[in-house]
Amino acid sequence: MECCRRATPGILLLFLAFLLLSSRTARSEEDRDGLWDAWGPWSECSRTCGGGASYSLRRCLSSKSCEGRNIRYRTCSNVDCPPEAGDFRAQQCSAHNDVKHHGQFYEWLPVSNDPDNPCSLKCQAKGTALVVELAPKVLDGTRCYTESLDMCISGLCQIVGCDHQLGSTVKEDNCGVCNGDGSTCRLVRGQYKSQLSATKSDDAVVAIPYGSRHVRLVLKGPDHLYLETKTLQGAKGENSLSSTGTFLVDNSSVDFQKFPDKEILRMAGPLTADFIVKIRNSGSSDSTVQFIFYQPIIHRWRETDFFPCSATCGGGYQLTSAECYDLRSNRVVADQYCHYYPENIKPKPKLQECNLDPCPASDGYKQIMPYDLYHPLPRWEATPWTACSSSCGGGIQSRAVSCVEEDIQGHVTSVEEWKCMYTPKMPIAQPCNIFDCPKWLAQEWSPCTVTCGQGLRYRVVLCIDHRGMHTGGCSPKTKPHIKEECIIPTPCYKPKEKLPVEAKLPWFKQAQELEEGAAVSEEPSFIPEAWSACTVTCGVGTQVRIVRCQVLLSFSQSVADLPVDECEGPKPASQRACYAGPCSGEIPEFNPDETDGLFGGLQDFDELYDWEYEGFTKCSESCGGGVQEAVVSCLNKQTQEPADENLCVTSRRPPQLLKSCNLDPCPARSSIDSAWKACKVLC
């Protein structure tokens with residue numbers, strides 16, 4: 001057979017050469033490693049907590065140089081330091097406080113996050129601008145940057161993953177789980193708008209539970225933020241956030257920035273207490289607070305041990321169950337807490353045989369066949385929950401719970417409750433619809449509809465539910481009014497050129513701006529993508545693009561999409577007209593309706609008088625192709641009556657628009673050039 005043919009001499013030579021080369025390579029690696037002595041023991045850790053470094057040495061046994069390194073490192077003491085321990089870099093700076101610098105003592109503070117040399121010990125003299133490099137290298141185990149696990153070893157910044165291994169690139173997910181998939185927490189974001197009240201000086205913005213991460217709040221307006229906290233032990237606290245700085249509130253680091261027109265609050269987490277962010281009204285005008293954070297899922301299903309066997313001998317069965325467990329209080333709670341999270345899937349019960357030894361009074365061992373002698377344990381059985389007593393704001397629903405038993409034929413009968421006491425009885429009542437009822441939320445007022453005298457201004461009033469979504473269910477009786485009169489103190493009889501120029505609407509200003517690329521930042525902002533190609537190759541077409549509201553999460557360096565209403569300012573246009581030039585052999589043709597996109601929707605501009613197209617002039621030719629010009633008139637936008645052209649802004653007069661007309665060919669020339677007939681009259 002073909003597979004049994006003898007190998008040729010050429011193939012044998014190649015095989016022998018391969019074996020020789022492999023043996024030389026293996027021998028050279030053994031020789032290289034053989035030049036080194038064994039690795040020595042690991043040194044003591046450079047730190048007792050917070051992550052340090054340890055090293056091991058080996059000796060070169062050759063009279064010549066050895067290939068490779070004689071030192072290796074590993075991380076150690078990867079446990080958190082107590083809060084009172086302070087910053088490791090700060091400790092190294094303060095060690096120089098009793099050493100004179102240029103003949104003077106200073107109190108030295110650390111300079112962190114040096115982009116050029118993060119592993120040198122740079123310190124700043126307190127109360128001065130003096131920055132000095134007090135040592136070329138920080139101690140091993142010092143963090144390169146404050147928001148990173150990377151550490152300095154022998155003066156060089158080494159990458160450290162969340163698994164605390166040198167050279168590892170593994171990172172925490174947004175829930176704080178190393179190399180996690182983000183399934184143990186959920187993103188919470190929303191917006192709060194303060195409502196001025198003479199009887200209410202403060203109000204709660206949002207409750208941020210224990211264990212939350214990457215918290216960020218931005219207040220815009222004259223009001224002020226402050227914090228209330230409650231630890232798991234019940235201790236309460238308050239912080240007024242009166243000035244810019246970094247504070248420790250119940251062992252949680254809080255970074256607060258105060259500006260004339262806004263305040264920014266950041267907490268990397270995980271929070272060590274429940275935080276309630278409140279707003280203190282200043283009384284001058286409304287404020288808006290935008291918030292975003294990752295909330296841990298604190299209730300999870302936990303599988304129980306097997307229940308007692310259904311029989312003491314002769315063979316029986318036993319089951320497991322699942323109970324809802326509170327990770328914070330370490331206790332079992334009602335099942336509805338776990339049902340609140342769609343991510344939680346209740347594990348199915350497990351079944352196993354038990355007590356298979358024969359009973360003493362029987363005639364020997366009876367073989368147990370699966371399901372033939374299967375008697376399920378008595379169990380609790382509940383009727384469906386009744387309807388909630390309230391649609392929102394908290395109500396009660398109930399059900400009936402009884403102990404039942406099922407026989408071999410599948411018949412279910414009620415039995416005494418003590419038979420089910422091996423497992424907790426299901427609750428017969430529970431709270432429901434505990435979320436807040438929908439409430440009205442009024443937006444900003446529009447500009448006045450006139451530039452002089454008396455006019456109207458409008459605002460949008462939405463019914464917002466507990467998730468911040470637009471919904472129904474608010475009482476019409478309590479709805480704030482959506483329009484009111486407004487007065488512009490400029491007399492209307494003044495000449496047109498002396499009237500104050502009304503500020504253009506934000507969308508109109510946006511339409512005039514140059515197209516510039518926008519980068520995602522820590523402030524929620526609109527990020528437009530590139531325009532698509534024009535839908536036509538000649539004439540007037542359309543271009544579209546996607547515009548998203550996005551924010552940069554600084555800790556995880558990831559981008560999150562936000563609802564449109566969380567971004568301030570006008571949303572860039574997602575559609576516009578485009579002109580690809582005249583089509584070959586045709587006179588340029590335009591449709592006045594298409595100028596809505598091309599010129600930013602000028603007909604919606606909030607002024608009393610504006611230009612509008614009113615049809616076309618008569619065609620310039622009766623056949624063979626002519627041109628019509630669009631007629632532009634100045635109209636009163638409220639009455640739609642023609643007005644004097646001086647009342648409309650000249651700079652906003654639409655451009656000349658032309659369209660082709662009467663494109664049918666003219667009659668043949670021969671029928672025109674025939675001889676004239678005799679005239680019907682003489683005079």
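Along the chain as shown, the residues are counted starting at 1.
In case you wondered, yes, glycine gets a Cβ from its N, Cα and C as well.
According to TrEMBL, the protein has these features:
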type	residues	note
DISULFID	Cys45-Cys76	disulfide bond
DISULFID	Cys49-Cys81	disulfide bond
DISULFID	Cys60-Cys66	disulfide bond
DOMAIN	103-185	domain 'ADAMTS/ADAMTS-like cysteine-rich'
DOMAIN	188-296	domain 'ADAMTS/ADAMTS-like Spacer 1'
SIGNAL	1-28	signal peptide
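Mapped onto DSSP helix, strand and coil, the domain 'ADAMTS/ADAMTS-like cysteine-rich' (103-185) counts 0 helix, 26 strand, 57 coil. The CA atom of Cys49 (disulfide bond) is located 8 Å away from the CA atom of Cys76 (disulfide bond). Every protein chain shown contributes to the tally, and the Cβ of Cys45 (disulfide bond) ends up with 18 other Cβ atoms within 10 Å.
Looking at the domain 'ADAMTS/ADAMTS-like cysteine-rich' (103-185) alone, the prediction's average pLDDT is 87. Taken through DSSP, the domain 'ADAMTS/ADAMTS-like Spacer 1' (188-296) splits into 0 helix, 66 strand, 43 coil. Distance between Cα atoms for Cys60 (disulfide bond) and Cys81 (disulfide bond): 38 Å, as a whole number.
If you measure from the Cα atom of Cys45 (disulfide bond) to that of Cys66 (disulfide bond), you get 27 Å. Counting Cβ atoms from all protein chains shown, Cys81 (disulfide bond) has 15 others lying within 10 Å of its own Cβ. With a 10 A radius on its CB, Cys49 (disulfide bond) counts 14 other CB atoms from all the protein chains. Of the disulfide-bonded residues Cys60, Cys66, Cys66 has the largest number of other Cβ atoms within 10 Å of its own Cβ. Counting in whole angstrom, Cys76 (disulfide bond) lies 28 from Cys66 (disulfide bond) by their C-alpha atoms. Using a 10 Å radius centred on the Cβ of Cys76 (disulfide bond) and all shown protein chains, the other Cβ atoms total 19.
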